[in-house]
Ligand SMILES: Nc1nc2c(c(=O)[nH]1)N=C([C@H](O)[C@H](O)COP(=O)(O)OP(=O)(O)OP(=O)(O)O)CN2
Ligand SMILES: [Zn+2]
């Protein structure tokens, strides 16, 4: 019986969309929220699918905390593209990753998954 292990992590980062309706957005920052959904087909003896803390440690390595995303990525750092980037990184360690949700603000975000 599958379970979904879910982990959320906030990070602070600046960005601008490189082509926002035809021109670059002004540089600005957000407190972003990332959510991971990882499928676990079985639990260990302690009742865990995957340890939240180990997942959070991986996220700390991946997330661009206190950085300007445009300085480090070769893509326009929209919520969509950032979600795919994080998905690709996390999938290497957790192949059963189902989806990544990235909230740029409390109201606006995007998710990436593969069909
Ligand atoms: N589909 C997407 N749409 C937008 C993205 C995106 O990544 N994917 N990004 C932006 C902007 O980067 C903007 O920051 C979005 O934030 P917004 O909701 O406008 O919040 P603000 O902080 O800029 O606005 P307040 O007025 O301060 O709430 C736009 N669209
Ligand atoms: Zn923004």
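Cβ coordinates come from backbone N, Cα and C, glycine included.
TrEMBL annotations: computationally assigned, not manually curated.
As annotated by TrEMBL, Zn(2+) binding site applies to 15, 28, 30. Proximity of residue 28 (Zn(2+) binding site) to non-local residues of its own chain (separation of 6 or more, Cβ distance below 8 Å) is seen for 14, 15, 16, given in sequence order.
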- Near Zn(2+): residues not in 15, 28, 30 with Cβ within 8 Å of the site Cβ centroid are 13, 14, 16, 27, 29, 104
